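S.K.: Take a look at the following structure, please.
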2 protein chains.
Amino acid sequence: MDSQFGAAAESVDPTLEADVFVKNCTSRPVLQNVAGRWGTLALVALRAGPIRFSALRRRVDGVSERMLSQTLQALERDGMVHREVHETIPPKVEYTLTELGAQVAEHLETLIHLIEANMPTIHQAQASYRRD
Amino acid sequence: MDSQFGAAAESVDPTLEADVFVKNCTSRPVLQNVAGRWGTLALVALRAGPIRFSALRRRVDGVSERMLSQTLQALERDGMVHREVHETIPPKVEYTLTELGAQVAEHLETLIHLIEANMPTIHQAQASYRRD
């Protein structure tokens, strides 16, 4: 069953263009992994350079160990993040952005800055929405 | 209780800068609403111009009526989307992007195009991740 699964995933027709608006397009889960709750924060935090799991977890305030671990696995699987094990005692595991991950993270950081800079406007909208 | 809630939300210190990396910053749920599973697709679909709920639902393939409705409410509350009721018979409800929503949607579309264009690289990464 596993091999069938692998075969199906690898037989993606390369002449078909990806379209996240199509329900079963393989690009949609990738978008969800990078734009999701923790994916965005992890990718943008990784822009500062190689970082260990514990430091990343402190930076992404509020994420559980389990959620950060799942998030990093998904990002590594999609080729956004590289996980490097250094053979020290104890072993040191560091995460870095791949070239593609760096491009994605740059766009996400621009988006974050846009939202942060517009919080006064957003707060006004939220206040008037409640008054309706 | 409701008024306390409103007061708390409106007493946000305007001299404090927003930072999505801080767990309780009010910018974090806003980021989640625009970058979330359906928020991204709805905002980018709205770039094509005013659209009715049913047409938007067809465009955002796979979204349930309930999820799209919740997504649009959150985006309207955050000042990203404007909901206009035309007093026709039957009444016609159309959704458009606000100025801020249009800026956010532009960045999200760039991100989507980046991912779609890199799907061959991403498929390779996924295939080699399985082989590990």
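Heads up, the Cβ atoms here are built off N, Cα and C, so glycines get one too.
Look at TrEMBL and you will find B:25-123 tagged as domain 'HTH hxlR-type'.
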S.K.: I'd like the per-state residue tally for the domain 'HTH hxlR-type' (B:25-123) from DSSP, helix first, then strand, then coil.
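M.R.: So the counts come to 63 helix, 14 strand, 22 coil.
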S.K.: Pop the mean pLDDT for the domain 'HTH hxlR-type' (B:25-123) in here, whole number is fine.
M.R.: 96
